[in-house]
Amino acid sequence: MGKGGDNQSAPRPERPLSRLQSVESETDFQSRAELNSIEPTIDNDNRKDIQAENHTLLREREEKVAKEPKFHWDHRNNPHENRRKDILKAHPEVKKHFGIDPLTKYKVIATIAFQISSIHLLQGAPWYTWAFCCYTICGMTNHMISLSLHEISHNLAFKKVVSNRILAIISNLPMGIPAAASFKRYHMEHHRYQGEFGVDPDLPLDFEGWFFSSRAKKALWVFLQPATYSLRPLITNPKSPGKWEIINISAAVAFDLSILYVFGLGGLLYLLLGTILGLGLHPMSGHFLSEHLVLCEGQETFSYYGPLNWLGYNVGYHNEHHDFAFVSVKNLPMMRVCAPEFYDDIAHYHSFVKVLYDFIFDDKLSPYSRIKRVNVENSEIKELRARGGLIK
């Protein structure tokens, strides 16, 4: 891990959800995202500590902290909005890197073709060759596909929202499990409400921190990441399926049946197990931990600058991504190039494998090693849920 002085700007007070309306349409969402990177804003000339005046919020905060005291609690807002503003002020030239990457759709099609070809080439292979390729080739490829879903969820493959929706569902097919539509809905809330108790679907449950506490159990927790990452939102922030989920599920079932018909059960298992293994205890999965796990006190988001970014849609540039969620992965490295003083001096990583090793074998680390905050009232969370979330 590279370390330096914490250059993250001082967080600012949150504003009430009454002024943080959920997005009524994806078109509205996209236009707002271009303006403020999917996060709430507040007038710099009229800042005041709303939280200190909100007695209901303070009471609810005390209750929630008492329920889960072992997490890292920080009720300031996350640092990304202020840092984005500081960078735009100091380096307005970064704006030329905003926008989509038209090459993404070609990467997706090439990856799907490669994955189907690998199934064909492994027909009749010895079981040990099949198993090795399932973990290495299919695991890495399906992890790449999952990261393409992340990129497309931010509408960074096409200018039209519906085109991104369709591409995400197509890209999702080789994973064998429908995920694209639901991931988009939950991931947008992770950006808007990073660390927010009861809203951010990326936060581990208290049970996860309690149960997965030993080294062996932490290794199991990493292996089970595909399951916990998928099922956790259904517990903390459930949503009713929308039309895009139905389309996503229908397409996935049709594709799986086609693979089963053409390549047999082995072909379908190759894809399904590749997804489970590739998103579990796998070198590429280090990014699940490195992104927000507090391996370094006083910092909430971490970047990784290493070779796996070449295969992983630059997923390691995570501080840059949260600062500028409307910048495609192709141009994320340019944020650091343009504004090195904002990124070089904060802690970052050079090895996903080292992150996995440290998490499992460092007894001070566990699923509890995440920052949580309570800056939104229960009533406001209920309002957001009643609307079906930020997008549908």
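Just so it is clear, glycine is given a Cβ too, placed from its N, Cα and C backbone atoms.
Bear in mind that TrEMBL entries carry predicted annotations, made automatically and left uncurated.
Listed features, source TrEMBL:
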REGION    1-49  region 'Disordered'
COMPBIAS  1-10  compositional bias 'Polar residues'
COMPBIAS  19-34  compositional bias 'Polar residues'
DOMAIN    66-104  domain 'Sphingolipid delta4-desaturase N-terminal'
TRANSMEM  259-281  transmembrane segment
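In the predicted model, residues of the domain 'Sphingolipid delta4-desaturase N-terminal' (66-104) average a pLDDT of 92. In the domain 'Sphingolipid delta4-desaturase N-terminal' (66-104), helix, strand and coil residues by DSSP number 20 helix, 3 strand, 16 coil.
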